[in-house]
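The following features are taken from TrEMBL:
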BINDING   A35, V36, N40, S264, N296, L415, S419  Na(+) binding site
TRANSMEM  57-76  transmembrane segment
TRANSMEM  96-117  transmembrane segment
TRANSMEM  179-198  transmembrane segment
TRANSMEM  210-234  transmembrane segment
TRANSMEM  254-278  transmembrane segment
TRANSMEM  290-311  transmembrane segment
TRANSMEM  406-428  transmembrane segment
TRANSMEM  440-458  transmembrane segment
TRANSMEM  478-496  transmembrane segment
TRANSMEM  517-536  transmembrane segment
TRANSMEM  564-589  transmembrane segment
Amino acid sequence: MPTVLNTLVPPSQIGGPQAEWDNPMQFVLACVSYAVGLGNVWRFPYLCQMHGGGGFLIPYMLMLVLLGVPLFYMELAIGQKMRLGSIGAWRAISPYLGGVGLASVVTSMYLCLYYNVINAWSFWYLFHSFQSVLPWAKCPVNSNKTGPVEECERATPTQYFFYRETLDISGSIEENGGIHMGQALCLLLAWIIVYLFIVKGVKSTGKVVYFTATFPYLVLIIYLIRGVTLHGAINGVKYMFTPKMEQLAKPTTWINAATQIFFSLGLGFGSLIAFASYNQYNNNFEKQAIVVSMVNSSTSIFASIVTFSIYGFKATFNYESCLERVRLLLLNTFDLAEDTISLENVNHWIAELNRTHPEQFASLGSRLETCDLEAELDTAVEGTGLAFIVYSEAIKNMPVSQLWSVLYFIMLLLLGMGSMLGNVIAVITPLSDLKIISVLSYPVGLVCLFCLLLGLGFTTRSGNYWFTMFNDYGATFSLLFIVLIEVITVCYIYGIKRFEKDVEDMLGHRLNWYWKIMLAGVSPMLLITLFIFYIVNYIQGGTPTYQAWNKELGKSVVTEYPPYAQAFIGLLLASSVCCIPLTALYTYWKKRNLASGKRERTVSTVSA
C-alpha cells in the first residue's frame, strides 16, 4: 500500500487562528486535572496491596521512566506541532492514519458514556451526607418494623446502601429493570456541570482547571492529617511501606506497573493531543511532560499513604471488634469476671482455656472467630468497592463523620470532573477539525446530550453490570493498540529524524539520547509485550465473568456473561481498533478512484 507522508507544517499553514491557553500554567493544570483522576485514589493503592507494598514502587517508577514519560512527551509534541485534534493531527502526518485519531475518539466516547456515572454516584453520596446519621452507618428497619432489612443483615450497611439504595441492582445482567430516577437526576446534574465547564472552549476550561486540579490536593492533605491521627492508621502505613520483594519475581507485577502508568497518564485517548493543540508553538512541552508525569505519580503515592492510613484504621477497628466479640463469648461461656480478659490478652486466654477446659472449649465451635490483623490488611479491594464501600465504612466510624464524608465525595467529584473535561475535549476537538460539528448551533451541548441519553442505560437495575463491562473492555485493548501504532508511526514511518527536526523547530534543540532510545526502542517493545500479554490473558481467561450481587447471600458471586453480552464485549474490543485499517483502506480506495477518474478524463480529452 503506498504511503503519502506530509512534513509536519507550522500552525500558520494549517488553517487559520487557533485558540490558546492564557498561559502555560493553565495547560499544565489541565493536564494534571485530566491525568490525576480516580485511578490514583482507588487503583494504585490496590496494586500496592496486591504486589508487595513498597516493593511495587520499584517496577512502577521504572515503567514511568521507560514508558510513561516518553509517550506523554510524544503526544504533547504532536498536538503542539499540528495544533489539531487527534484525527487532524494523524491525517496531517499521513492520510492513511486518520483512523488512529478516529479510534481515539471512539474510545474517548466510550469513556464519556460511563465515566460520568461515577460522578453521579458521588453526587448521590454527597447529597446523602447531610444527615444526622449517615444512611450507610446502620441497616434500615424492615417494613414490619420488627428488625433490620434481611438483605442488609446478610451483607453490611455500606454494601446495602451501595447495591440497593444507590444502584437498586438486579441479580444479574439478564434481569432488566427501570431507570433509577435518583441516579438519572444525578447523572443529568453531572452532565450539566461538564457542559458549563467547557461550553466556551479553552477559555472556560482554562479557568476551571485552577480549581479542579488544586482542590483535591487540599482535601488529600486534610485527609492525610486526619488519617495518620486515627487509631491504627500506623498499621496501614507500615503495611504499605513494608516491601515483599518476592513479588518482583512475578511477571504480573511488572505488567500491572506498566499498565497503571499507561492509563493513569491518559495516553491514547487523544486528550493530550487536544490539550497541547492550544499551546503556543514554541511552548516548552518537554519540561511540562516531565513535570506532569512526576506530579501524577507522586499523587498516586501520596494518595496511597492517605488510603493506607484509612485501611489501617478500618482494619484495626474490625480486628479489635472481633477481639471484643471473642472476649465476651469467653466471659459468658466460662463464667469469668468482667476484668479477667482484655483485648490485649484474648489470645492468651484462648490458649489457656483450650488447655484447661478442652471439652467446653470445643463446644464453642464456629462461634469462636479467628481474629487476624494481617488478614484484614491483606483484603484487597479496588474500583467502586474501594471508593464507595471501604471508604464509606471507614468514614462512618470517624468522629464528625458527616464532615469527612462531604469532603471525600467533593474530592471524588473534582477528580472525576477534571478527567471528564479531557474526555469530552478529546471528542469535540477532532470532530471540530473535521467540520463535523462546526455547522451545528450547539455542538458541545449536542455531544453532552448524546452521552447523557446513552448513559441513562447505566442507571437501570442492570446498568452496573454494563458499566463494569465498559470499564473492563471498552478501552484497555484499543488504547494499547492505538499508542503502539502511534509510536511506530512517529519513529519508523514518519521517521525519528524528521520528528527530531520538528522538535528542534519548536524547542530550539534536538532530541537527546534518552528520548531517542525510549521512543525508538524501549517503549515500542514494552507496548508489544503488554499487547501480547493482554491477548494471551484474555484467551486463557476463558468465558468472561462479572460480579453479580446475590441479595439472598448478601455478597457478590462470580457469574459468566450470557452469549449476547460476550458478543457485545467482542464489539467493544474491535469497534475502535477497526477504525485504523478501515480508514486506511477507505483512503486507499478513494485515492485510487480519484486517480482512475483523472486518467479517464485525460483519455477523453485526447480522443476529442
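Cβ coordinates are placed from backbone N, Cα and C, and glycine is handled just like the others.
Residues 63, 66-67, 69-71, 74, 251, 255, 258-259, 262, 476-477, 480-481, 483-484, 487-488, 490-492, 496, 511 of the same chain, all 6+ positions outside the transmembrane segment (517-536), place their C-beta atoms under 8 angstroms from a C-beta of that stretch. Here the transmembrane segment (290-311) sits apart from the transmembrane segment (564-589); fewer than 3 CB pairs are under 8 Å, leaving out pairs fewer than 6 apart in sequence.
Shown in sequence order, V32, Y34, G37, L38, G39, G266, T299, S300, G418 are the same-chain residues outside A35, V36, N40, S264, N296, L415, S419 whose Cβ sits within 8 Å of the Cβ centre of the Na(+) site. Spatially, the transmembrane segment (179-198) is adjacent to the transmembrane segment (96-117); three or more Cβ-Cβ distances between them are under 8 Å for residues at least 6 apart in sequence. It is 406-428 that, among the stretches 96-117, 406-428, 440-458, forms the most Cβ pairs under 8 Å with the transmembrane segment (254-278). Contacts between the transmembrane segment (564-589) and the transmembrane segment (96-117): present, as 3 or more C-beta pairs lie under 8 angstroms, all at sequence separation of six or more.
Sequence-remote contacts of a segment are chain residues at least 6 beyond its ends whose Cβ falls under 8 Å from one of its Cβ atoms, and for the transmembrane segment (440-458) they are 109, 112-114, 116-117, 179, 184, 187-188, 191, 194-195, 198-199, 424, 427-428, 431-432, 464, 466-467. For V36 (Na(+) binding site), the same-chain residues lying six or more positions away in sequence with a CB closer than 8 A to its CB are A213, P216, V295, N296, T299, L415, G418. Long-range Cβ proximity for N40 (Na(+) binding site), meaning a same-chain Cβ under 8 A and a gap of 6 or more residues, is found for S264, N296, T299, S300, A303, L415. Counting every protein chain shown, the number of other Cβ atoms lying within 10 Å of the Cβ of S264 (Na(+) binding site) is 23. A35 (Na(+) binding site) counts 28 other C-beta atoms within 10 Å of its own C-beta, drawing on all protein chains shown. In sequence order, S33, Y34, G37, L38, Y115, G266 constitute the residues six or more apart from S419 (Na(+) binding site) in its chain with CB-CB distances below 8 Å.
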